[in-house]
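The following features are taken from TrEMBL:
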- 19-159: domain 'CheW-like' (DOMAIN)
- 183-307: domain 'Response regulatory' (DOMAIN)
- Asp240: 4-aspartylphosphate (MOD_RES)
Amino acid sequence: MSNLLQKIDSRTKLVGENRLELLVFKLAGQQKYAINVFKVREVVQMPELAALPSRHSAVCGVAHLRGSSFSVIDLQAALGRAPLFESGKPTNLIISEYNSSVQGFLVGQVDRIVNLNWEAIIPPPVTSGANNFLTALAKIDELFVQIIDVEKVLADIIPYNTNVSGNILDSSLKIWAQQNDIKVLVVDDSTTARNQLKSTLAECGVGCIQASNGAEGLATLKRLADQGPINDAIMMMITDAEMPEMDGYRLTHEVRNDPELAHLHVLMHTSLSGTFNQALVKKVGCDGFLSKFQPDEVAQVIQEQLSALKAGIEG
């Protein structure tokens with residue numbers, strides 16, 4: 001298992017080139033699933049777990065590994081199926097980091113790592129419904145691999161706080177934003193993440209235009225720019241890093257190379273963390289970087305932009 005991930009650090013260079021690598025695995029059946037390698041720290045055989053009182057039904061317990069402790073989530077149970085933890089089948093543990101938090105995912109057989117272009121990743125069918133746990137599909141060896149929306153899985157187990165602290169909000173700016181119909185473009189393939197941002201923006205008095213991937217986001221920007229100056233339509237763009245068809249890095253690159261869009265304020269809002277990602281978002285031309293999901297920090301950025309916009313309009 002260690003051989004499977006020993007080159008993971010060097011492979012992170014693919015991020016920003018509209019490419020990704022997926023760690024492919026199974027649960028109890030033959031269907032294959034995947035998550036982004038860049039969010040995976042390690043894959044190990046299932047260790048002994050400590051019991052966790054008053055736990056969510058999908059949480060198996062707590063693992064202690066290399067001096068740290070973290071919750072272990074039965075991914076099959078989290079998807080609403082019979083727990084894999086109690087099946088008696090061989091299991092493995094994927095240790096991952098999302099939104100600056102470490103957790104383990106209990107899975108079945110770990111298959112391999114595959115290298116794909118984001119253009120080969122497609123959104124799930126509309127008929128899958130709003131409550132599904134898929135963020136995308138990838139066709140590998142003529143079979144569709146389901147890419148898990150980990151943010152939704154985590155939000156269902158430990159709901160994210162979307163409320164902005166009262167001492168952060170500026171009521172006068174909120175009223176001004178509402179009166180002037182200020183909007184922000186939010187680009188993210190996770191419905192959960194888009195709804196979280198929409199809620200936070202609403203607390204700041206700001207409306208939300210949504211796009212579910214970078215290609216859709218870029219098309220939206222070009223459509224708005226065709227109707228007039230882009231800053232007349234939106235104040236800024238908040239984009240995720242990893243998305244089907246076009247990732248946030250490529251989207252930002254395209255924005256910076258379009259004369260009608262180049263001056264738009266772009267905030268990268270991603271569950272990827274670390275100094276590597278911060279350096280990369282700066283390289284592609286983002287104005288800022290925030291790790292998901294921190295409503296107070298999002299609100300502060302929004303209000304800074306509102307203040308600057310208000311000052312520019314009112315002189």
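Keep in mind that glycine also has a Cβ here, set from the backbone N, Cα and C atoms.
Note that TrEMBL annotation is computational and uncurated.
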Taking DSSP helix as H, G and I and strand as E and B, the domain 'Response regulatory' (183-307) has 63 helix, 24 strand, 38 coil
Residues near the residue listed as '4-aspartylphosphate' by Cβ (under 8 Å) yet at least 6 apart in sequence within the same chain, in sequence order, are Val187, Asp188, Asp189, Ser190, Ala193, Gly248, Met268, His269, Thr270
The domain 'CheW-like' (19-159) resolves under DSSP into 21 helix, 72 strand, 48 coil
